[in-house]
Amino acid sequence: MATEAFVKPVVPNGHDGYEDEDEDDIPLVFKRNSNTAATTNRPSPINNAMRNSAIGSTKSSPPMRSPLTSPNRSASSSTRSSMMKPALPSSSSVQRSTLKSPLRDDRSVVAKERNGFGKAPSVSKSDDEDSEDDKPLSARLKLDSKEVTKQPSSSGRGSTQQAVQKSNMRPQGLSDYTKKKVLDERAPMSSTVQTKTSVGTSSSKPVHIEQKRPLVNNIDRNGLKPKTEGHSSQAPAKRPLEKGSSSNQSSVKRPKLSEPARPVKVEQGSHISATQDAKGKNLDASKPLRANQATVKEDNSDGDDHVPIASRMKSDSSNNKSSSAKPSSSKMIASSSRTIAQKPNKWVKDSKYSKSSKSLPSGDGQKKWKTLQHNGVIFPPPYKRHGVKILFQGKPVDLTPEQEEVATMFAVMRETEYYKKPKFRENFWNDWRKLLGKNHMIKSLDDCDFTPIYEWYMQEKETKKQMTAEEKRIVKEEKLKQEEKYMWAVLDGVRERIGNFRVEPPGLFRGRGEHPKMGKLKKRIRPCDITINIGKEAPIPECPIPGERWKEVKHDNTVTWLAFWSDPINPKEFKYVFLAASSSLKGQSDKEKYEKARKLHNHIGSIRAAYTKDFNNKDVTKRQIAVATYLIDKLALRAGNEKDDDEADTVGCCTLKVGNVECIPPNKLKFDFLGKDSIQYVNTVEVEPLVYKAIGQFQAGKSKTDDLFDELDTSKLNTHLKELMAGLTAKVFRTYNASITLDLMLSKETRDGDVPEKVVVYQQANKEVAIICNHQRTVSKSHGAQVEKLAVKIEELREQIKELNIDLDRAKKGRTPLMGSDGKRKRNLTPEALEKKIMQTQGKIEKMERDMQTKEDMKTVALGTSKINYMDPRITVAWCKRHDVPIEKIFNKSLLAKFAWAMDVDPEFRFCSSTDE
């Protein structure tokens, strides 16, 4: 897990300078809720006459209904019940019933069904027959099992033969299909319940019909199976669909389950397990279970990271062939993945994760969860005073703890570029002066010397570096112990990891580029600033700071955030606590995002034809919408929003100024503006002649500071995009263009070769996507040193090759090698060994030259953003499988957990293949 005590505050168009932390170092542990309720249905006592008249309605009650029951069963059962007489309770009636007419058989079947789960009538009953109605079904099942066993029989097969004969009795005058349907309806309900509940249940454990079990599989997002609470159960992908009944069940039911398995029976068993929810209610079989969608292959060891996914899949498939009765895990995963691609489950719409927003989150009306429990957030430790004084005009100055804390924030930034920026210093002084007060002796920031505090800070930093490994381990364990309970939430009975559970510490805002608020003080967030969202039945998290309380506690299950507070720099924005990127909700949201982008592929032709047609539209608004849509499609521009005066002056498509676009004849446009996060966007592109003409018309008669699209704003553009396709936004265009570019380039450029060469092909494709999305970064300070170091190593290897060639010539002539450059005598090698060594050294040189070129090409390109947010991970996984590239060469540990849902994709997956409309 992360060792940094702070979480990076995320602010649009700005950041606070803290580095991103890896929040997913600890494997996910999913545990089922052990407090399952095993409820026993107790029928109310009624007399025999009333039972015969109420058989149809009794069988249709939800707790007793089998998923295999025909829709017409209630009607047919009530019709038959009107013709029947009460069944005799004697033991002889059980034996004679198999020799009577079909009508007699109907009566015996109804008598069986009236007694509960299709159990046989007991041999003898007491006079007070209604007294057994007060007993639990499980007790009556045990009693009947004992009584049936005591029946006179020449062998133990007597009861078995009776049950088989009863199940084979068919009413006359019915078609084959109807006979088969009736036989399925008359199957003992206990066998159906056993087939359903035996999955994942120990055979020595009594079966509870309404045992609550979360639908989400307890599968670690890194692909490892966690430990489960309570009794161990079978692995979900390896469970047989049919199993022998529990030892506590009646032996009369055994023949039904011991009959040879038929294809129909297997399908029914699968249907039962797939269409029952945690309470035994029927679900729509057409909707895939989200638990199985994110299932990852279980690894038996940690040492196979170097093995390509395709090879691991082959190994799994060969192992699965050993058992014909157990369905293949890989096939089940693949089928569920294909189902998801065709009809994604709309489980969650909120795709924001640890981001700021200008509006309070509102749900879409759909319930995202049933139960939610967590422990709130963890606050940074209170400030500890160090007592080091700053100098004002050469004299030491005493400061209060609050004043000293802010002064220290400024002093530690002495070696950064912000320290000398006028805007940064101005904003800092304005906020610090308020804490100093009007009568304080410090009157000017320029007369202050923060060197003493900076030197103290560097000493503390050096002291931490000198700590032993044991001391660092103790500190890390203590930090983990304090944070452990805040890392996890329980969502619908499943333990999920929380993403940003730390409240950001106070500090000085930095921002990106020339942000107008850089240097302003970010005040300390307190519990009274935070709103908690939690389940109604869950205990409210205890406030960690004594004497304080939460601002508000909500129970809104239509949203996915756990807590939020106002941003201390931009009060109009809010910061949220969400589940981690590897959680089931976030994974489902990512999957829906990429499926929506794939859906755009089916509409892109008509959309492009529509906006091309409107390039000549007489309506200026429609013409501007058409040109803006063209730019968003071709250049992957963001839509853009109006900015306040105190916000960074960044630009999107709708907010372009006349001065941001230059027309270069005959049909080129040069764009130059500040994009998101104040990153400069400079690009010269060739456009359609009609677009070039329209841009010139939009610029006519305007100054450089006027809006280029004066008749258009973001709301109008978004409304138009949603008319073209449901849910279409500028971000969907960016996701589509990024993913399809990656897919096409990987398919076109990949050639046979070793893994490093294929990785370079992937990085080049990733670079093209990053350029399209304008994902840039500043050149690293260590870039020059790294390249120089590689160049020195390459030169050393070339000198080695020269020496090896000399030794090779001498070896061929039978001479001993010369002395080495270090003055030592070399080994006397054969010419073959020397040639092999030369080839190996040449390979090292080629690899280093390739690495050096890659570093040079990627020095200003940020590959991570597009990989995390815009490129469909299934493209990468499928490519790795097709070309035997270990996925660990492309995705780091955090991305492997985030994209666990994509790991079972088919190797032939293509992003541009057709999807459902």
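Cβ atoms here come from the backbone N, Cα and C positions, even for glycine.
If you compare SER126, SER301, SER317, SER324 in Swiss-Prot, the phosphoserine annotation sits on SER301. The stretch that Swiss-Prot tags with region 'Interaction with DNA', taken from the ranges 566-571, 638-643, 752-757, is 638-643. Closest by Cα distance to HIS775 (site 'Interaction with DNA'), from the recorded positions LYS464, LYS593, LYS793, TYR870, is TYR870.
Note: the Cα of LYS593 (site 'Interaction with DNA') and the Cα of LYS676 (site 'Interaction with DNA') are spaced 21 Å from each other.
Taking the C-alpha atom of TRP561 (site 'Interaction with DNA') as reference, the shortest distance to any of the recorded positions LYS464, ARG512, LYS793, TYR870 belongs to TYR870. Nearest Cα neighbour of LYS676 (site 'Interaction with DNA') among the listed recorded positions (LYS464, ARG512, ASN718, TYR870): ARG512. Cβ-based neighbour count (10 Å, all protein chains) for ASN718 (site 'Interaction with DNA') stands at 15. Nearest neighbour of TYR870 (active site, O-(3'-phospho-DNA)-tyrosine intermediate) by Cα distance, taken over the recorded sites ARG512, ASN718, LYS793: ASN718. Other C-beta atoms found within 10 angstroms of the C-beta of ARG512 (site 'Interaction with DNA') number 19, with every protein chain shown included.
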